[in-house]
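Report on the structure given below.
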Amino acid sequence: MAVGITVTEAPATTGYLSTNFMSQTTNFDDLVVALKEALGPSSGLTSDDVDLEQLTQLMADYASDEQQWSRYAMGDEKLPYTRNLVDEGNGKSNLLVLVWSPGKGSPIHDHGNAHCLMKILKGDLTETRYEFPEGDQEAPMKVKSEKVHKENQVAYMADELGVHRVSNQGSDFAVSLHLYTPPNVAKGGCHTFNPNTGKKFHVKKCGYYSAYGKKLKV
């Protein structure tokens, strides 16, 4: 099931950037190429030769057009969300379109020591951030913040900012574009967290529902 969906936020010490960049409209395919070129042969967002603000600006400047990215937006209402691979950069990143089913969301999770830029392509997504659990004592996880990201906004997230959960609280599918670098989660998985106890579980691999516009076999 392909769906069409739209968001913008950027990196600061909090990981939030409230901006409304409308200075330039970029074709989605051009955006994919521009992000790859901006990353170049580097090892990821934390490399000295990578400008995080430039990457954020590129994503923010793109005005979402469902006709341009809909071929990647394969949703499945039986799943909370789907991960659809768009590009693997130069092997140092991956670019995904995530399609979020109505009323569903991700578990609380980390990012496997990777960095993420998220642009909302359609709908609204609610991000709830939590503090990392401390020690071995089980206790409810502490909420740090909650924010609704709207169409064409961009957000930045990394493990040093905590862990988070993203959910679609609307009645229709939502869609977001995610740039992960390095692509640690796709290769080595991540951790999810029990909100009531803080206990973490390792997810060995976070695979793809589709790749390059073609649904993958289960």
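Cβ atoms are placed via backbone N, Cα and C, with glycine included.
Per TrEMBL, the features are:
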BINDING   HIS109, HIS111, HIS164  Fe cation binding site
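Recorded features from TrEMBL, shown on the structure.
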residue: HIS109; record: Fe cation binding site; Cβ neighbours (10 Å): 20
residue: HIS111; record: Fe cation binding site; Cβ neighbours (10 Å): 18
residue: HIS164; record: Fe cation binding site; Cβ neighbours (10 Å): 23
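Highlighted in sequence order, SER106, ILE108, ASP110, CYS116, MET157, ASP159, VAL163, ARG165, CYS190 have their Cβ within 8 Å of the centre of the Cβ atoms of HIS109, HIS111, HIS164, the residues recorded for Fe cation, and are not part of that set.
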